[in-house]
Amino acid sequence: MDYENKLVLAPMVRVGTLPFRLLAAQYGADITYGEEIIDHKMIKCERRINEHVGAVDFVEKGTDNVVFRTCSLEKNQVVFQMGTSNAVRALSAAQLVCQDVAAIDINMGCPKSFSISGGMGAALLKKPDLIHDDTVELARRIETTGVSALAVHGRRVADRPRDPAKWSEIADVVAALSVPVIANGDIFEYEDFHHIKVATGASSVMVARGALWNASIFSEDGKLPWEEVKREYVRKSILWDNDIKSTKHTLKEMIMHYSCLELPEGKAVIKSDTLADLAKLYGEEKYNQFVQEKRLFDGSR
């Protein structure tokens, strides 16, 4: 994968599933990260072709629980992000999925307790046998392992989203490395992609919240109305039979940024039990019916 001059969708738990990744790509994202998946969970999966929706599923053995879903449309741009604290286990998980994705990423930055308590995410930054105290020295050491690129979020573990991203410190990492650096932090408008590249010298730029709130941030023609983007996300969720909990979580995050969950729309999303319920809420009943009928027709051939 080429990491030069790319716009990148960041990994987001319960958000970065197939429909949202394809939504971001539709609006201009060059590289799309999936949500972090723990290696323990992945190695318990088996690969299945899902002819029902035209996807490749990694399903927990003995169940119908889809842990990771992808498709041929994104094969050259999707990055599988893994949470791990063990190199051997990480390799096993990577080998299972590597033929269906463009790249594998190891999460070394998640500050959430579920990651740190398992020795994953930002916990990897505290292991003396793996890193040095200084961020630049850490980046240099990671580079020597043979990575193709390094994504750097300009915040420390204790920082919160309201704290300004430290672009100047990302610049220090960029200056020390020869591999492409993907800069991440405080990207909310299309113009910010250019601003952070100038400020840091990074090769590419990654965005999380700015894309969650309106995935058309990747469009050089400017953002579309969020209502339009939201409905397109619902359509893609229907088309790819997305998990209802993931779909509702993503919609609620969008709504909370622009509105309030206590208003009728928010309450209706919370009460929705199926994708059909969401289709009715957002006026996509005909589209949902078309998709279901097409699946029945394709399955009967």
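Every residue gets a Cβ built from N, Cα and C, even glycine.
TrEMBL: automatically predicted annotations, no manual curation.
Annotation source TrEMBL lists active site, proton donor at Cys110.
Under the heading FMN binding site, TrEMBL lists Pro11, Met12, Val13, Gln81, His153, Ala208, Arg209. A C-beta separation below 8 Å, combined with a sequence spacing of at least six in one chain, links Arg209 (FMN binding site) to Pro161, Phe188.
As annotated by TrEMBL, domain 'DUS-like FMN-binding' applies to 132-257.
Non-local neighbourhood of Ala208 (FMN binding site): Ala10, Pro11, Met12, Asn184, each in the same chain, at least six residues away, with C-beta under 8 Å from its C-beta. Highest Cβ count within 10 Å among the binding-site residues Met12, Val13: Met12. For the domain 'DUS-like FMN-binding' (132-257), DSSP puts the residue distribution at 67 helix, 12 strand, 47 coil.
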